[in-house]
Structure formats: C-alpha cells, structure tokens
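**Q** This is the structure I want to talk about, given as structure tokens.
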Amino acid sequence: MSTEQRTLSCMSAEDNMTGGQSQGLVLQPAWDYLHQNHHGLLRSPLFPVVLSVTTYFLLVGLYTLLDLLAPTWPCINRYRLHPDGAVTWPNIWTTLGVTVYNHLLYIFPAAVAQWLWRPPTPLPCEAPTLWSFFLGVLGCTVVFDLQYYLWHRLHHRVPWLYRTFHAVHHQYNQPFSLVTQYLSGWELFSVGFWATVDPVLLRCHCLTTWGFMVFNIYISTEDHCGYDFPWAMHKLVPFGLWGGAPKHDAHHQRPNTNFAPFFSHWDWLGGTHTVPTPPATLPPGEPDETKGRRD
C-alpha cells in the first residue's frame with residue numbers, strides 16, 4: 001500500500017470514529033504526523049533498538065557532563081549523593097568501554113537479526129488514548145520491576161550466579177550514570193528481553209511500547225546517576241513508593257538490600273528494604289556491605 005493510500009485509509013477510519021472516541025485521542029495529531037511522515041522508519045524492526053540506544057547515550061552523556069563539571073561547580077555538586085567522590089576519566093573510559101563492547105557483541109547482532117528475520121511493525125491508524133498510554137507504560141514498569149527484583153535477588157543469593165553474572169556491576173559502590181549498563185552479557189540480555197516482551201504481553205500500542213522503552217531507560221539511568229535532584233522520581237511519587245537514586249546507591253553500599261530497580265514495595269514485603277544513610281554520618285573505613293541503615 002502506498003503512502004497516499006495509507007493516509008486515505010487512516011482518514012476514513014478517523015471519520016468513522018464517534019465523537020467521544022475522537023475526544024479521547026489526545027495523541028492522535030502527533031501519531032498522524034509520525035504515521036504520515038516517518039512511516040518507513042517506525043515500521044523498521046531496527047527502530048526500537050535505535051530509539052533505545054540513542055536515548056541511553058544522550059542521557060549518560062548529559063549526566064557525564066554534569067559529573068565532569070561538578071567538582072568545580074558547587075551548584076551541581078550540592079546535588080551529588082557523594083559530593084567528595086569525583087567521577088574520574090578512568091572511571092568513564094572503563095564503563096564506556098564495557099558498554100560499547102556489549103553493544104557491539106550483543107545489541108548490534110541482535111538488531112541485525114531482527115532486521116533480517118522480523119517482519120515490519122504494523123502501525124494502526126488510531127493512536128492510543130492518553131489513559132491507555134500512561135496505563136500501559138505504568139503496567140510495563142510494574143511488571144519489569146517484579147521481574148528484575150526476582151532476578152536480582154536470586155543473583156545475590158546464589159554465590160555462583162553473583163560471581164559469574166552480576167559482580168561486574170558492583171565494582172563501583174558509588175554508581176554514576178555509565179554504571180547503568182556496566183553489565184555482563186547475561187544481565188544485559190535479561191533486562192533487554194523483559195523490556196521488549198512486556199509490552200507484547202500487555203498488548204500495548206506500538207506508541208505505548210516506545211514510550212515505555214524511553215521511560216525505562218530514563219528511570220534506570222536516573223537510578224544510577226548519583227544525583228538527588230528536586231525533580232527526581234522518588235520525590236514526585238508519594239508515600240516512599242519509588243526508590244530512586246538514593247536507595248539504589250544504598251544497594252551498592254549494602255548489596256543484600258534494595259533489590260527492586262524502581263518501586264519500594266517488593267523490598268518492603270521481602271524484608272530487604274533499607275534507608276540510605278547520609279555519607280557524612282558513615283564511620284570512616286567501614287566496609288561497604290555494612291553501610292546504611294535497615295528500617
């Protein structure tokens with residue numbers, strides 16, 4: 001079907017919608033624009049990979065710039081969880097090297113395989129409603145959070161799994177943004193698999209799927225960024241339901257606590273929740289695994 005035929009078909013479908021449905025589709029104008037002007041790009045099996053990789057490197061690039069400016073810019077350094085612990089160039093090159101290696105060895109071949117064997121993504125004419133978009137992103141985040149909590153706890157409880165697959169991520173007890181994907185191949189595959197499959201299981205619209213992918217990368221990077229900004233997710237979500245950077249930083253200080261990547265409820269229920277202790281109150285020379293405070 002040509003682009004013109006697709007456009008006419010979608011216009012006809014919109015004409016057949018009831019007024020109530022049309023009012024619910026707040027995202028329809030943006031979806032129409034993408035549908036009409038970037039149809040080939042959006043249908044490509046490579047698009048989700050390009051979107052995810054681009055989002056990740058843009059975010060870590062921004063955080064890394066802040067890391068380099070923080071030692072001489074007090075207005076930035078005041079928000080660091082560890083103001084006295086500077087991120088050095090060797091830290092950056094080591095974590096970036098592993099990230100690039102993983103992308104070349106795992107992500108790139110998987111993307112090529114998708115491009116060769118996976119059919120183009122079908123694009124519906126109708127956009128998701130704003131409610132279904134946010135509900136879908138939330139649902140995928142909740143499911144992903146449970147999946148990673150179970151995976152994470154298992155890989156800390158079984159010494160062989162920890163040493164073989166997860167220990168590399170804990171080489172830094174004061175995480176910064178590039179530590180987000182400082183992972184073994186197995187861990188990178190696991191999180192990538194869930195992020196891809198969960199929207200399919202929940203039957204999300206493709207626009208919702210891409211929204212979840214971007215949001216998932218954003219909150220994962222924020223978890224590791226090492227900053228406690230006023231707009232951080234854990235300050236926007238009420239009742240302490242969101243862990244955020246401080247609690248994940250506490251996990252790197254006390255590895256047997258705070259296993260859930262985003263929400264706090266699984267750690268509350270599992271007895272693994274811990275509250276981060278301000279760095280200034282920590283006794284000097286105390287081993288990393290004993291830092292923090294259990295509640």
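Cβ coordinates are placed from backbone N, Cα and C, and glycine is handled just like the others.
Checked TrEMBL, it gives:
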- 46-70: transmembrane segment (TRANSMEM)
- 91-117: transmembrane segment (TRANSMEM)
- 129-151: transmembrane segment (TRANSMEM)
- 138-272: domain 'Fatty acid hydroxylase' (DOMAIN)
- 275-295: region 'Disordered' (REGION)
- 276-285: compositional bias 'Pro residues' (COMPBIAS)
**Q** Per DSSP, what is the helix/strand/coil residue tally across the domain 'Fatty acid hydroxylase' (138-272)?
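**A** Residue counts for the domain 'Fatty acid hydroxylase' (138-272) by secondary structure: 95 helix, 3 strand, 37 coil.
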**Q** Give me the mean pLDDT over the domain 'Fatty acid hydroxylase' (138-272), rounded to a whole number.
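**A** 96, rounded to a whole number.
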**Q** So which residues does the transmembrane segment (46-70) touch in its own chain, when a touch means Cβ under 8 Å and the partner is 6 or more beyond its ends?
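**A** Residues 76-77, 80, 83, 86-87, 92, 103, 107, 110-111, 114-115, 121, 176-178, 180-181, 195-196, 209-210, 213-214, 217-218, 221, 225-227 contact the transmembrane segment (46-70) from elsewhere in the chain.
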**Q** Counting only residues 6+ away from its ends, which parts of the chain sit with a Cβ under 8 Å from the transmembrane segment (129-151)?
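**A** Those are 24-27, 190-191, 194-195, 198-199, 201-202, 204-205, 207-209, 211-212, 215-216, 219, 259-263, 266-267, 270, in sequence order.
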